[in-house]
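What follows is a single structure, written as structure tokens, with notes after it.
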Amino acid sequence: MWILALSLFQSFANVFSEEPHSSLYFVNASLQEVVFASTSGTLVPCPAAGIPPVTLRWYLATGEEIYDVPGIRHVHPNGTLQIFPFPPSSFSTLIHDNTYYCTAENPSGKIRSQDVHIKAVLREPYTVRVEDQKTMRGNVAVFKCIIPSSVEAYVTVVSWEKDTVSLVSGSRFLITSTGALYIKDVQNEDGLYNYRCITRHRYTGETRQSNSARLFVSDPANSAPSILDGFDHRKAMAGQRVELPCKALGHPEPDYRWLKDNMPLELSGRFQKTVTGLLIENSRPSDSGSYVCEVSNRYGTAKVIGRLYVKQPLKATISPRKVKSSVGSQVSLSCSVTGNEDQELSWYRNGEILNPGKNVRITGLNHANLIMDHMVKSDGGAYQCFVRKDKLSAQDYVQVVLEDGTPKIISAFSEKVVSPAEPVSLVCNVKGTPLPTVTWTLDDDPILKGSGHRISQMITSEGNVVSYLNISSSQVRDGGVYRCTANNSAGVVLYQARINVRGPASIRPMKNITAIAGRDTYIHCRVIGYPYYSIKWYKNANLLPFNHRQVAFENNGTLKLSDVQKEVDEGEYTCNVLVQPQLSTSQSVHVTVKVPPFIQPFEFPRFSIGQRVFIPCVVVSGDLPITITWQKDGRPIPASLGVTIDNIDFTSSLRISNLSLMHNGNYTCIARNEAAAVEHQSQLIVRVPPKFVVQPRDQDGIYGKAVILNCSAEGYPVPTIVWKFSKGAGVPQFQPIALNGRIQVLSNGSLLIKHVVEEDSGYYLCKVSNDVGADVSKSMYLTVKIPAMITSYPNTTLATQGQRKEMSCTAHGEKPIIVRWEKEDRIINPEMARYLVSTKEVGEEVISTLQILPTVREDSGFFSCHAINSYGEDRGIIQLTVQEPPDPPEIEIKDVKARTITLRWTMGFDGNSPITGYDIECKNKSDSWDSAQRTKDVSPQLNSATIIDIHPSSTYSIRMYAKNRIGKSEPSNEITITADEAAPDGPPQEVHLEPTSSQSIRVTWKAPKKHLQNGIIRGYQIGYREYSTGGNFQFNIISIDTTGDSEVYTLDNLNKFTQYGLVVQACNRAGTGPSSQEIITTTLEDVPSYPPENVQAIATSPESISISWSTLSKEALNGILQGFRVIYWANLIDGELGEIKNVTTTQPSLELDGLEKYTNYSIQVLAFTRAGDGVRSEQIFTRTKEDVPGPPAGVKAAAASASMVFVSWLPPLKLNGIIRKYTVFCSHPYPTVISEFEASPDSFSYRIPNLSRNRQYSVWVVAVTSAGRGNSSEIITVEPLAKAPARILTFSGTVTTPWMKDIVLPCKAVGDPSPAVKWMKDSNGTPSLVTIDGRRSIFSNGSFVIRTVKAEDSGYYSCVANNNWGSDEIILNLQVQVPPDQPRLTVSKTTSSSITLSWLPGDNGGSSIRGYILQYSEDNSEQWGSFPISPSERSYRLENLKCGTWYKFTLTAQNGVGPGRISEIIEAKTLGKEPQFSKEQELFASINTTRVRLNLIGWNDGGCPITSFTLEYRPFGTTVWTTAQRTSLSKSYILYDLQEATWYELQMRVCNSAGCAEKQANFATLNYDGSTIPPLIKSVVQSEEGLTTNEGLKILVTISCILVGVLLLFVLLLVVRRRRREQRLKRLRDAKSLAEMLMSKNTRTSDTLSKQQQTLRMHIDIPRAQLLIEERDTMETIDDRSTVLLTDADFGEAAKQKSLTVTHTVHYQSVSQATGPLVDVSDARPGTNPTTRRNAKAGPTARNRYASQWTLNRPHPTISAHTLTTDWRLPTPRATGSVDKESDSYSVSPSQDTDRARSSMVSTESASSTYEELARAYEHAKMEEQLRHAKFTITECFISDTSSEQLTAGTNEYTDSLTSSTPSESGICRFTASPPKPQDGGRVVNMAVPKAHRPGDLIHLPPYLRMDFLLNRGAPGTSRDLSLGQACLEPQKSRTLKRPTVLEPTPMEASSSTSSTREGQQSWQQGAVATLPQREGAELGQAAKMSSSQESLLDSRGHLKGNNPYAKSYTLV
């Protein structure tokens, strides 16, 4: 097999790489300028780089690659350009002040950097100076540092000095960005100092100090503004901060107004007016324009006008950013430019500029678009867009990646052998860009259409071309080498392989071949047929190969000729194929060798312009004919060039008769023949002799100025210009000019002299040469003109006040010269009497003298003499100082201490003579200066001194003198000062500690002794630390203010049960005194903070677990360990929790005994101290060990045929482990044979075959665990029968399932024949067949399936099986578990930081409650927190709540099914309210002249700790408040440093967590003599004419409007009240109807006796309640708030039977003993959500707090239960003459005499007057421990249908008409509580029960309905059983009874009832018995047993209470 693949590619320059990681980039693209000092040199790294490493080169801007100049310039291998330090004489513009650029090149391409201007700065001397300034006191002064223009660009101001002290920008001194010094609010003393600026050269680092300047300060005088600082133009880049100075001097202070482009400028945002002028932040180009600063006051105006130029930085961006294309495609690039306009844009490719050409187009505005067509591979690389404007430039680049679009073979056919007539398909898969064209050949012959070959192709989704060649029936001639060729503009690729067709071998005729000499040639032998033996080649009968250039491939018949030679290789070649050993065939081919041309190399010699050129191109070898052509620069030579070409045979000549510059270029000679085309290229360079473009001419130069001597020339090569100089005007003797920093040659050849001096005058010669032709030169004469200059003058001079002074200056320059004298800015005229000016000429100089007669202080300052001529002006500044004795210093107190006083003085005018010393005098205030203590000759360098050894609090007088060389000053101002206080010398007294809690200690103490206080005690520092005898702990310090002589402070957040040491220190203004003696105490004990660790539990037996744990550390105990408590409970299999138990021990281990076998237990351990239980540990789980199981719970056996029986059983009730198997025993007595059969643990039936017919067998079953066999079940007998009756092996029982699951009820029946099975469900006591639908079906095995089980699927199901011989039935009780109902959540107790919640669980949904989730949120907050709560809990206390804050709560119960409904949101508020100030307390304790003591005891914290105390005060009529903010409130607070005899405003703000309170007050300090000042008077000024008519009318209209408004408000209140009443009545009626609807629609049928019915609950909102119960000896007040639950069944029954009073009895589980208040409702809000609270009706205003009062007495143990009666105010039916006795029931009913009744019962508190209060009291009465076994009777009032105000109860003879105070809305009229039943007496021997009140002591309120369905329960005996069964099993029927079942009264009950009542009861009982269905006694007993759970059923029994249609009573048991 063979495969030959050849690739032919076009020839491209290898300048591009497709390496994926090849890239170029810039490391510092912003580098555009490098300035350096000539003395230091510089290193300039190339800004470009790349990966892989790049080649870096540097070029001049002209494109010339730079070269190393030893010692001057060097390019390092890493591309860094170094310029070496050099002296000024070696300065070269070409090197040291030129533009460079750098290139980086790698296979990715080539990029060039932006132009980098490199400039060397020569070191030249310069001076900076500052001029004296004038200003007015209180105004602004501006000093400027004047820098010479020659160095201004390099020198910056770094600081200013005042005398020798550096100034920093601050409140009064400001240094601007331009280096100016601003002095704000100038004072006289500012004129006493010298000011100078310090500059630094940016590049040389040299610093210069200016001369000293003075500030002359004058008194303010009215004057027009004069500009001190301004600007004429500013340049900035966008984004920079711009400062435009504008400052003027004037009085009054002038106003500033800014205009931009003649429009007022709005000063806001980015534009800000500052002290210095205008500040522009983040400048923009739009900010450019003309700015005017107008300065004006009432005396005149001034302006500063300037322009601002904000330039946008140039930025170029090329898009697209990534260019990836292919060869032959078009590429378009766009360059977007931001920044200045009119910029120049150019394109570069690989560092070379791009010009428009054949395939290159540059279009768009400013040439922004580059379009390149027909891209070739050399076009790839880096493309750059350069933008240039002035000296700014920017660039961007992008790499253009050209993919190799050369075709590539992806997959192709392979060599194969086929048989004749066999179809052949060849495939060639090719890719390339552009899409290649595929052609096919067979043995180098094209395959044509119709030749038996079919060619087709397709393009895949990947862009590949797939070409197919198909041969439907191959023949021998179809064999050969097939080649597929793919061709596109990028290249060609081919693939070939041989296809052999079996058949006789032969050779297809071969075509002659033409070979090219010097190249390789392949000759293929075109063999067809297969197989054959060999292929051989011959030439001239010689077997090939016979030399090294010949290679014969015998396997495929190919001959290769390398480096073909015409003489050797041309000729006949024969291919011989050996077909059989003795048979061969052959074919010959002729090879002709063609020789390509070879051009003899030629080069252009050096030619000059105008010469003639003749260049021959000779082809020295190659086959004829040969064609020769010429090209210039790659294109045909245009005829316009005048070039002549002569061709003769194998030669061609190029002739140019007259050379010019346009002939420059590359000339190429191209020779072609049949073999090839070759070329040779040479460059023609035409040289041009130099000539002048600008010739030098005579010029004048001004001394000190710059001059340019023009001279420029052109030529090729670029000519060199050399300058020479001949000094003077004589015969020129030219010498080369030494170039330096002052004299430079410009790039155009001109000569620059930066600073002309007199020696520069003379002849200058400009010589131009370029080695082409003769040099040219031209001379010129430079004349130097000298401007007027001051050559001599004194810089400074001194004069003595009152004496004569002369000053002179000398001028030099071109005559005539005028000299003028100035003083400051005033010209000195001859009219000035004290000044005399004289001038004289001495040679070339002019001397001028100024005389002053005599000198005064004002003569001090700067005088200047000005010299002026035609060429310039100069001036000399002379500083005259007039000396005199100094002014006295201004002294002030710098620091006062207890025993030292430090003075500070400011020296006034020093008399222009240095101060030589100071004298200080100090005396007691009462002494004379003669006895003063003096300190002389204090150093003049000092400006402060300290006086020592003074007495604290003593008063002294101090003054001082200044001295200089001239004399002594007058005495200074006299100051009087009192020494400071000293720190206390004694500790606080009587320090006592008292622990108040486990984390707090109360500290009390008294102030130090008076004589040791050393001032006013202002506060104390308390230091405390944990006390340790061996430790050295640092004290924690707390600072507090003083409140009086005795202090109290409580330390909080301390460690529990920890010993602390404490000290107290007193503080005054001077500091802190000594500490008190350290006192030790210990915080109180607390519960442990952490649980025991490492709790481990191991099961030791089936009934015991061993537990161990680690003891707690001392830090975690928080007290003395009393022991450990282990809490444990069983986790039952069904997910329920067992009883929670706990065991106490003192050891860290415990053995739990008596546990359930093989049961998983949850275990927690806690430690407890004397303070209580600590934190429980995390639950751990341990299972007891296995034991032998109990007996199976049941066994059944039934005959299935004559020889086979089935046995079924139930698992043991006590598994005691994992059941491994069951063993079934079968035996018969005759003979005794016991057979054992094993069944798997998950099997509960077994088939026993092969039994004898009609023989009885004994069967029993045993369960087996890993511990062994358990006890056997009961033994049953069974007999195989041929006619086996139907029997059911499944057991009856209860099936429990969660809702929404699929449930299968099994019913396995056996018998012979097989029995039929049917299912029925008990419906209202009557079984009926189950409904078969999509949710219910019966399997073939008899099982009944219910899918997605629901609550209504609960009930009793019967499975009946029967056949011909018998039947059987089982009953399955299906219980469906649902999520639990919502709990009933109430608030039971509140404190200032905690809220205790209690709840009653709702219906558990058939599954025990697993836990609760309590959620809470602070009011007005959307954030909710949550707590998981144990299922056994019924209350929860939330700690660490905010005081006086409302909170919202919800509770959710969870059972095995999931979470239930969320309870209603209830709200509660922690105790506390905002602070308030007591009116009985006086705010101001004491007031004197400068101090006020505030009495803060009057602030009541409202029960919540004060969190902040803010006090502000200010003098009356001012706007600035003085603030004192504290976090704690002390007893008193002292305001210090007040102004005497001043009225003050005072406002206080005190806050706690409940809110804030404010208090305002005014007070006045006393006069200095202790007298008071006049009070504040607000005067009202009224005109004498009195009120006008219009004013009187206005008052009348105002009063009328107020009266009308009050009237409207009163009417509105009446309407709102009536509407609220109507809405309230409507809501109650709606609640009634809703309850009836819920009763009828939402009743959940319950077939399970142990489960209470599920009902929809409604929330009841009861804001307040009050319950009154008297006790004979004591009275206890219990605050209460609760929620009432009534049921819709009750409400509905009441609606149906209004004429009856129905009593319901409910079992209620007792709660724990309560000894304190049940709940505090003083801050309760109505409603369970914020909207309800806001809309609730306000309660009675007469009382602020409600009390629930219980009167409890202890019953005698032998007292029997009393009869419960409804205790209406109606007369009780009795015999005539009977005496009323107080009822033994607890009753509350409406009272007519409300005021009298309440007063007699509640003392000063009002009794309840609303239904809500009684309903809440009733709810919590049920929860009281004392009433756990009491009976409650409720009488409920309903709305009268007749809307009557009178409620009637019974007949007329029993009617008691209620007054209008009786409520006309529904509610509980009363409820009563009676002692327990006799059988409960033993359990309540020591329990208190309530005593009933009189009928008049009643409280009334309406009911809020929340319905629970109530089930009836009968009385003992037949009627009771029937009632119970009816209520539990047939609830629907129980509601259809005409009358409820009533119990017969007990003897005690009968004694309290009337005869008519008993008759009514008997008649009702008869009716009830007649209608009740009969049930089996066992079932009723079971039902009674189930109903005793905590969620007990409610039963109804009636008591006939007369004919009152609006009352019914409820009795709860």
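Each residue, glycine too, has its Cβ placed from N, Cα and C.
According to Swiss-Prot, of the candidate residues N470, N658, N1341, the site noted as N-linked glycosylation site is N470. Cross-referencing N78, N556, N795 with Swiss-Prot, the residue annotated as N-linked glycosylation site turns out to be N78. When N487, N710, N1160 are looked up in Swiss-Prot, the one carrying the note N-linked glycosylation site is N1160; the rest have no such note there, which does not rule it out for them.
In the three-state DSSP assignment, the secondary structure recorded for C1359 (disulfide bond) is strand. Two recorded stretches are said to be in contact when at least 3 C-beta pairs lie under 8 angstroms, sequence spacing 6 or more; the domain 'Fibronectin type-III 1' (885-982) and the domain 'Ig-like C2-type 2' (125-216) meet this definition. Counting Cβ atoms from all protein chains shown, C711 (disulfide bond) has 27 others lying within 10 Å of its own Cβ.
Between the CA atoms of C865 (disulfide bond) and C246 (disulfide bond) there is a gap of 30 Å, rounded to the nearest whole number. Averaged over the domain 'Ig-like C2-type 5' (407-500), the predicted model has a pLDDT of 90.
Around C766 (disulfide bond), the C-beta neighbours below 8 angstroms that are at least 6 residues distant in the chain are Q695, P696, L709, C711, I721, V722, W723, G749, L751, S777, K778, S779, M780. Cα-Cα distance from C575 (disulfide bond) to C293 (disulfide bond): 105 Å (rounded to the nearest whole number). Comparing C-alpha positions, C197 (disulfide bond) sits nearest to C293 among the disulfide-bonded residues C293, C385, C617. Close to C809 (disulfide bond) in the fold, though at least 6 residues off in sequence, lie I790, S792, Y793, V819, I847, S848, C865, A867, G876, I878, each with a CB less than 8 Å from its CB.
Between the C-alpha atoms of C484 (disulfide bond) and C525 (disulfide bond), the distance comes to 18 Å.
The disulfide-bonded residues shown are C246, C385, C525, C1307; of these, the one with its CA atom nearest the CA of C46 (disulfide bond) is C385. Comparing CA positions across the disulfide-bonded residues C102, C246, C525, the one lying closest to C617 (disulfide bond) turns out to be C102. On the backbone, the CA of C246 (disulfide bond) and the CA of C669 (disulfide bond) stand 75 Å apart.
When the disulfide-bonded residues C145, C669, C1307, C1359 are ranked by how far their Cα is from the Cα of C335 (disulfide bond), C669 comes first. Taking only the Cα positions, the spacing between C385 (disulfide bond) and C428 (disulfide bond) is 44 angstrom. Note: the domain 'Ig-like C2-type 9' (787-883) comprises 3 helix, 62 strand, 32 coil (DSSP; helix = H, G, I, strand = E, B). Of all the disulfide-bonded residues in the record (C293, C428, C1307, C1359), the one with the smallest CA separation from C102 (disulfide bond) is C293. Mapped onto DSSP helix, strand and coil, the domain 'Ig-like C2-type 4' (313-401) counts 6 helix, 52 strand, 31 coil.
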